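The feature compositional bias 'Polar residues' is assigned by TrEMBL to 553-567. Residues annotated as compositional bias 'Low complexity' in TrEMBL: 576-591. Feature annotation from TrEMBL assigns disulfide bond to CYS30-CYS91, CYS38-CYS84, CYS105-CYS129. Residues or ranges marked as domain 'FZ' by TrEMBL: 25-138. Positions annotated as region 'Disordered' by TrEMBL: 546-597, 639-658, 664-686. Per TrEMBL, signal peptide is recorded for 1-16. TrEMBL lists 206-228, 240-260, 295-318, 330-351, 375-399, 419-444, 479-500 with the feature transmembrane segment.
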Amino acid sequence: MAVIWMLFNMLTACMAINMEATGSHSMFTCEPITLRMCQGLSYNTTFMPNLLNHYDQQSAALAMEPFHPMVNLECSTEIRPFLCALYAPVCTEYGRVTLPCRRLCQRAKSDCYKLMDMFGVSWPDEMECSRFPECDESYPRTIDLLPSSDGTEESPSSVQRDYGFWCPRELKIDPELGYSFMGVRDCSPPCPNMYFRKDELIFSRYFIGVVSIVCLSATLFTFLTFLIDVGRFRYPERPIIFYAVCYMMVSLVFFLGFLLEDRVSCNTASTGRFRASTVTQGSHNKACTLLFMTLYFFTMAGSVWWVILTITWFLAAVPKWGSEAIEKKALLFHAVAWGVPGTLTITLMAMNKIEGDSMSGVCFVGLYDLMALRWFLLVPLALDVVVGVVLLLAGIAALNRVRMEIPLEKENQDKLVKFMIRIGVFSVLYLVPLLTVIGCYLYEQSYRSVWENTWVQERCREYHIPCPMKVEQTSRPDIALFLIKYLMMLVVGIPSVFWVGSKKTCFEWASFFTGHRRKDSAVNESRQVLQEPDFTQLLLRDPNTPVVRKSRGTSTQGTSTHASSTHLAMLDEPPSASTSRASSVRSKASSYHGSLHRSRDERYTACSYRGAEDRLPHGSTLLLNDLLQHCSVNRLDSHSRHGSLQRLESQSRHSSVRDLSITAQAIQSGPGNGIHPVMEEDGTKA
């Protein structure tokens, strides 16, 4: 469609005198000739626009000024009638266009060619003699003044023609800038906004400014919470942070637009050149281009990061990928999330589709160009919604299947349900604003032509341009529609606060402001246990079954049944609850193994459990198992040196290793997981 429109414009430029080339509705009436050069001819009425696309006699008079020396010096008797036939044609009956004869053009050109060359005036291409009919009569011809054979009821004083939109002189732009408005090149919309009153624009600007400040504060809080404890937000929830960063930049751009008002989005008026203030287009304005790049790039990146968030949830819920396995794909996620918006942004800049928004003070796309609105806003956003919703529903269905089919303890069941609720609420808080924005865009692109025709009908007299001949529907946009659109564009970033808002966040900020920043070991231990692929088997195993260690959930083959789902369900707990629970288990296990590992002389061995715990870093489960095995061998050697019985050596070799391994699991696990009965049974045997 764009190629056809460009070819149409080129054809119109080459055939400027072909009045049937335009195709819209305009109404013209015959008007008295006011051009000084064309007064005193055989006719005294004309119509505008003329054959050379001048929309009023004032603009036609300015275009005729280079030919004044030829007319004043009377280089030819045919030059004045010929020029007036083009710049002020005779007004005849409806639908009739009168053209001067070719011989008249040839005589005027040959007689005045040398004088024109002396004054440096060239013969315009649109006045080339080959374009006129082959005849040799003075203008206007007699046949042109006679009524047509088929007749018409239209009076010669009321001439109607179809011409479409004509760009007013006040809205004309230099051709090298590449502006366009309502399909007319070198034209730009008026600024401030052509649809709303001044008081409405002032209210909307302050409204957008206040909402941008709220969204900026919310997303900035999310990002700072992430910086306080980076390790807290791992995959699959890490994309929420990048999503918040994107909408933080979007709200920042809108806030800058509020401060700049229309100094960037609008071109200044030039009274000396009869130019009014117009909307900025293209990339010639560096500040407008920078605002557009930032706003469009991060708007698209935010929607892509939401899709990636649903992908990570899907990978964790359906194929049971662990956090480490998902994190291995982080480079691919970043390449897509930043690469796709970057490509779209560069494409729009190359196509010169940047447009200023006088309501918000920023620069965006699709404000006046329907093609850019459809293909660079509606299509990407709708595609993101469809893909994200499909993946989201698949992930929630998988989590619900885990909850229904695999019996978990009530505590983990509640955590899984709460996590599913959080996913649902977060997704609704994101999708509702985004779907509202898409709905506003659809409504806007459906009624844009009606709004433009209404504006032309209301302002055609003021701008001295053709008024629409027949307008079937008139409508003005409601400012509430645009306010809702801007509100939802900004509110869509606020749901990130809902995700990070918890007691854990409050404790982290309190520790940050008081200066007592301490790692919450109990919460970290819980996270590591929940990331174990065999966490479910550990909860449900028989007390007499030995513990078989597996690697953490880094395999992408889904070795566990639902461990990743259990990891998803892990919610942040206050430090007091987690610390007290872990301390209770640690004290019991320490006292039990302290009594178990005494030597005959009532002294603790060097490899007592408490010493091993103090020497090892937090969470080193595999190293702890190796150390326990090594310590057990040393204890057995010590017992044999003191002459212990074979029964004690056998019991220590099998019981100590297994019990200490279970104790290491008890330190990382919470109460009620089936481990204490095993410890009590083994203690009785010992």
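From the backbone N, Cα and C atoms, a Cβ is placed for every residue, glycine too.
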Cβ-Cβ under 8 Å with the transmembrane segment (419-444): same-chain residues at least 6 beyond its ends: 303, 306, 313, 366, 373, 377-378, 381-382, 385, 388-389, 392, 395-396, 399-400, 403, 477, 481-482, 484-485, 488-489, 491-492, 494-495, 498-499, 568-571
Distal contacts, the transmembrane segment (375-399) - CB-CB under 8 A, six or more residues away: 300, 303-304, 306-307, 309-311, 313-314, 316-318, 344, 347-348, 353, 365-366, 416, 419-420, 423-424, 427, 431, 434-435, 437-438, 441-442, 445, 565, 568
Cβ contacts under 8 Å made by the transmembrane segment (479-500) with residues that lie 6+ beyond its boundaries: 196, 200, 204, 207-208, 211-212, 214-215, 218-219, 221-222, 225-226, 233, 237, 240-241, 243-244, 246-248, 250-251, 254, 299, 302, 359-360, 422, 425-426, 429-430, 433-434, 436-437, 440-441, 443-444
Long-range Cβ neighbours of the transmembrane segment (295-318) (under 8 Å; 6 or more residues past either end): 235-240, 242-243, 246-247, 249-250, 253-254, 325-326, 333, 336-338, 340-342, 344-345, 348, 362-365, 380-381, 384, 387-389, 391-392, 394-396, 398-399, 402, 423, 430, 434, 489, 492-493, 564-565, 567-568
Candidate disulfide-bonded residues CYS38, CYS105, CYS129, pick with smallest Cα gap to CYS91 (disulfide bond): CYS38
Rounded to the nearest Å - Cα separation of CYS84 (disulfide bond) and CYS129 (disulfide bond): 15
Most Cβ neighbours inside 10 Å, all chains, among the disulfide-bonded residues CYS30, CYS84, CYS91, CYS105, CYS129: CYS84
Neighbourhood of CYS38 (disulfide bond), C-beta criterion under 8 angstroms, separation at least six: THR46, ARG80, LEU83, CYS84, TYR87, ALA88
Integer Cα-Cα distance in angstrom, CYS30 (disulfide bond) to CYS105 (disulfide bond): 25
